[in-house]
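Enquirer: Checked TrEMBL, it gives:
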ACT_SITE  HIS221  active site, tele-hemiaminal-histidine intermediate
BINDING   GLY56, SER57, GLY58, HIS59, LYS109, ASP114  substrate binding site
DOMAIN    9-335  domain 'DhaK'
DOMAIN    371-570  domain 'DhaL'
REGION    337-365  region 'Disordered'
Amino acid sequence: QTSKKLVNSVADCVDDALAGLVACNPSLQLLQGHRVALRSDLDSLRGRVALLSGGGSGHEPAHAGFIGKGMLTGVIAGAVFTSPAVGSILAAIRAVAQAGTAGTLLIVKNYTGDRLNFGLAREQARAEGIPVEMVVIGDDSAFTVLKKAGRRGLCGTVLIHKVAGALAEAGVGLEEITKRVSAVAAAMGTLGVSLSSCSVPGSKPTFELSADEVELGLGIHGEAGVRRIKMATANDIVKLMLDHMTDPSNASHVPVQSGSSVVLMVNNGGLSFLELGIVADAAVRSLEGRGVKIARALVGTFMSALEMPGVSLTLLLADEPLLKLIDAETTASAWPSTARVSVTGRKRSRAAPTEPPGTPDSTAAGGLASKLTVLVLERVCSTLLGLEERLNALDRAAGDGDCGTTHSRAARAIQDWLKAGPPPASPAQLLSRLSVLLLEQMGGSSGALYGLFLTAAAQPLKAKTDLPAWSAAMDAGLEAMQKYGKAAPGDRTMLDALWAAGQELQAWKSPGADLFQILTKAVKSAKAAAEATKTMEAGAGRASYISSARLDQPDPGAVAAAAILHAILEVLQSQSV
């Protein structure tokens, strides 16, 4: 079965892709009648060396993404994974020659078709009197025994574009640039690994890999690698790659050893950016663990193979003069903005901020209040642990079935906290500490909502702790929940139960209010409101994405909130006698 691709037609896909790049990049132009993209300021290059590269398409952003001041003058694109036509290569050479450039360097990857077609165009151009040199880049470190065809040209070629571009920009002559980049190319190696295949537009996948295999050392067209290995961790695969690339018994190895200074390139095939970061971290740690100094690290997509999900690592031995060329300015759109300092030796973390000092607990009535607090919290925890299965079952209807697990995690965190020592005596500090604990340990949106509720509720209790202050604390907590959680009463969330209780607790603000009478009413209201959520349409939270026809159970968050209030009331009543 052919793969799905967002193209207009298989025949036009390369032309359309180039047209898109040029349409969005005023610094590029297409050469009429050819698959050639050039700098639109060609005339400013008079007297300088022009750099042309190219090859098959499907490696984006290579090659056209690297056209710009300080990099390539132009590129010649072939069809997907196919060498470009001799006529187009010659047209590009003539175009830059007629703009008054001082000769052209062709940067070619080591593939037979590219060598032949670029070589033919070079011979024809030289017959016309145009000075043209050609460097063939083979940076592949996969093969332990060198074959007659030599090493394949891979992502390291992009570093050659950069070095040659910096030299040309500085006005260096054609022969000197050719000599310098040939030396640089010899001190470089690349190795790729892939998790699965890619497919050329209109075709089936180029190869098959079983689910637990990865291909080591494959080419950028999906050609076979050196071996297939079992899927492993990023650390293990990166170590394997670096071992292979630097093994002196490997004929195509890079002579990198302890004390070497390198430019590291982590090139993304079609991995997620998450995986790319993990591979980059593994590569830095592995190299530095070998005593290799990473002078520069370039991480991104430089040379892909359509959608093939894989990554390649390039190592280039680098001294200061070479680093200056890597650091030189370029306007090429695909070259990353990279720090011009060594990666190794940098401090990679800073100390966490110190927490503001807490105000000491007022010890007045501390022992008694603290004992009651512990009893209340223990009852709340045992209640939530007992409800775990019921809450999960309720949550499976509307969410991801983990509401009970989340509340149990909170309960266990509070139990561990109580074992560590007595809780703060002041209610404001108690609620603040609980909020931090739940934010860190409970997780999920419930943890954030309880954390918000408790943080806000603690504020009115700083000055007073009488019944009006507790009612104000409830109000503040509810207001914060609504402000950030975006739920309102009637939206079928935990807020419904808490809101109903909060309405009853308003009576605490009246002089002579009775603690238990009003709290009993509040708990009754909370339970009724939790039960009533079964007939509500979800207006907020995860359940709001589900058809209300499927929701015939009460909201688990509301049930949990009502149960917490009931547990508090029971303990207070039992202790007041």
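Using the three backbone atoms N, Cα and C, a Cβ is placed for every residue, glycine included.
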Enquirer: Tell me which of the recorded positions HIS59, LYS109, HIS221 sits in the most Cβ-dense spot, judged by other Cβ atoms within 10 Å.
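Expert: Its Cβ has the most other Cβ atoms within 10 Å: LYS109.
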Enquirer: Using a 10 Å cut-off, grab the number of neighbouring Cβ atoms around the Cβ of ASP114 (substrate binding site), all chains included.
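Expert: So the Cβ neighbour count for ASP114 (substrate binding site) comes to 25.
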Enquirer: Can you tell me how many other Cβ atoms are located within 10 Å of the Cβ belonging to GLY58 (substrate binding site)?
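Expert: Other Cβ atoms found within 10 Å: 26.
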Enquirer: If you pair up every Cα among GLY56, SER57, GLY58, HIS59, LYS109, ASP114, the residues annotated as binding substrate, what's the maximum separation in angstrom, rounded to an integer?
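Expert: Spelled out: the longest distance between any two Cα atoms in GLY56, SER57, GLY58, HIS59, LYS109, ASP114 is 15 Å.
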Enquirer: Around SER57 (substrate binding site), how many other CB atoms lie within 10 A of its CB?
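Expert: Excluding its own Cβ, the number within 10 Å is 25.
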Enquirer: If you skip the near sequence neighbours and keep only those at least six away, which residues in the chain come within under 8 angstroms of GLY56 (substrate binding site), Cβ to Cβ?
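Expert: Those within reach of GLY56 (substrate binding site), by Cβ under 8 Å and sequence separation of 6 or more, are ALA77, GLY78, ALA79, VAL80, PHE81, THR82, SER83, PRO84, ASP114, HIS221.
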